[in-house]
Amino acid sequence: MKFPPIYQLTPEINQLLIDLEALKRVVGLLNPAPQVIEYLKRKSILKSSVFSARIEGNPLMPEDIREINMEKPITRNAQEVSNLLSAYTALESYRHKPTDVDTVRALHRYVMAGLEPTPGQLRMVDSAVYNRAGLAVYIAPAHWKVRQLLSAMCEFINSAADPRPAVAAVTHIWFEKIHPFEDGNGRVGRLLSALILKSGGYDLGGLVPFEEYLDNNRQAYYDALTSDSQDVTVFISFFIRSITAQSHDSLEKLKNPPPDKYLNLLPRRAEILAIIEDHRQVSFDFISRRFRQIPQRTIHYDITRLIRDGLVRKRGSTRGALYEPDS
């Protein structure tokens, strides 16, 4: 592939960019309550983390995360998502800084912590991308060119005059074609695009998990990303469409926020409350079975806080006690 990538902003792409700008302005006018923003931001970061991992073959779904202690993940799948949660949360600290090779390496350290011995290290060997049949579908640039190519890409990120969503799209395919690490390139590439969107305010305050769209349209994403065409306009169109689609979804969530009682709850406590409300009366054992990897004393504490906050009441005082909504 030619570096920098060849592309053009077609009428379709320009219309998508106009739509994104309009969505950005509408969200700015809504002025939702801070607790609504914080609640939706937590959900968005979780989705970005889970769906970015799923694109690479991780089987976990957002609802699975509620049953896992993400502070002490015990499986590789959980570790991958835990790392991405840390990485997406950390993006805010990079949004106003110029992007350089050290930024890229730092993102890789987040993504691959505990998964490989030298996270953040650029590859020292030549590499290729293989399909499921084991055939090489793309030969990456020689390893000794990687740092130079990344530097040129970072210069583009920092100086490009195109709208930031277009820069995010171009950067994503540019990064993936450089293939600078031995593993984790897809996750780091999507993080880098998320950072570029955030720097221009096109993440709508952290509410656009475009990775969900990519996972739901995974084959189209792969096809656009792995095309060996020198002109990457098709990929740019697809990528910006993903951002636009998720932005519309985020706007609807802002217009129709969840009930107030969920907004200030930690995610697991919100899930426990939802279980109790769905089933009306449940035992402690019933609840704890939904969170098998969380210590029972932690679940007890969560329920105690829900009772203290007036959201749940307890019927009985023995092991046979039941919990029900306090409404």
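Heads up, the Cβ atoms here are built off N, Cα and C, so glycines get one too.
Those TrEMBL annotations? Automatic predictions, nothing curated.
Because the structure is a prediction, the values reported are computed rather than measured.
The active site feature in TrEMBL is assigned to His179. There are 22 other Cβ atoms within 10 Å of the Cβ belonging to His179 (active site).
Annotation for Asp183 (ATP binding site): same-chain Cβ neighbours under 8 Å, separated by at least 6 residues, are Met112, Leu115, Glu116. Per TrEMBL, the feature ATP binding site maps to Asp183, Gly184, Asn185, Gly186, Arg187, Val188, Gly189, Arg190, Tyr221, Tyr222.
What TrEMBL records for 99-241 is domain 'Fido'.
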Tally every other Cβ atom lying within 10 Å of the Cβ atom of Arg187 (ATP binding site). 26
Those binding-site residues listed as Asn185, Gly189, Tyr221, and which of them has the most Cβ atoms within 10 Å of its own Cβ: Gly189
Cα distance, His179 (active site) to Asn185 (ATP binding site), nearest Å? 6
What is the interatomic distance between the Cα atoms of Arg187 (ATP binding site) and His179 (active site), given in whole Å? 11
